[in-house]
Amino acid sequence: MSGGARRVLEAWRLGVVRYGDALGLQERLVTDRRAGRVPDLVLSLQHPPTYTLGKRRTDHNLLLPEADLRALGADIHRTERGGDVTFHGPRQAVLYPILSLRAIGLGARRYVEGLESAMIEVAALYGVQARPGAAGETGVWVGDRKIGAIGVRISSGFTCHGLAFNIDPDLGFFEHIVPCGIADKEVTSLRREAAVELPPDEVIHDQLVQSLARTFCFSDVDFKDESECADMVCLAADKQS
């Protein structure tokens, strides 16, 4: 990180947010961050059941027709993030950092490594030894089982999209895709791997945010609850409708 000034990461606790609404909110916030109207911040949330594909449009990694996936109660979204197909759902912690990489002195590779590091650090709090993906493996793994996914978009040095860390989602939804385009590998969760009782999901969300802030050398985190962010979320939802 460049400079010695005290930097605070703003963290928005948004609860459960529809994927399309979160996408619109990110687009608005990236525009505002680029213009200096908002500080570096991270959205902390969960999604209803949703399958997303990255900009490579690897539809062949959907193992069921889209109509069948929707019949399961899941939405499907195509995005401009990196990465392949993945699943988002309840009890999965999703962080979408809206950052100026120039302001914190990072390149794209170091940024992605920081996202991996945050998930590995939080897994370790519960006795789970996670690792970055090996060659050809994106995200974070426990042995040969994937516990965290990463898919980012960086435009002119500003970030959106981010990470998804499996606390205790319904892993059955992953059976209908080739997660992140990597065949013959399992998906796991913190609940499945940890030998200790887990705290409420909200605690783990906050631990991920705090780990991310430390990794990127922020001095502190300013948490904002859903009610404090309601106006911005509604504005983004109106743009999507």
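Placed from the backbone N, Cα and C atoms, the Cβ positions cover glycine too.
Please treat TrEMBL annotations as automatic predictions, because they have not gone through curation.
The annotation active site, acyl-thioester intermediate is assigned in TrEMBL to C180. Look at TrEMBL and you will find R81, G82, G83, D84, V85, T86, F87, H88, A149, I150, G151, G162, L163, A164 tagged as substrate binding site. Here TrEMBL flags 36-220 as domain 'BPL/LPL catalytic'. According to TrEMBL, the site 'Lowers pKa of active site Cys' annotation covers K146.
Annotated features, which come from TrEMBL, shown on the structure.
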| residue | record | Cβ within 10 Å |
| --- | --- | --- |
| R81 | substrate binding site | 22 |
| V85 | substrate binding site | 26 |
| F87 | substrate binding site | 26 |
| K146 | site 'Lowers pKa of active site Cys' | 25 |
| A149 | substrate binding site | 28 |
| G151 | substrate binding site | 24 |
| L163 | substrate binding site | 25 |
Integer average pLDDT (0 to 100) for the domain 'BPL/LPL catalytic' (36-220): 90
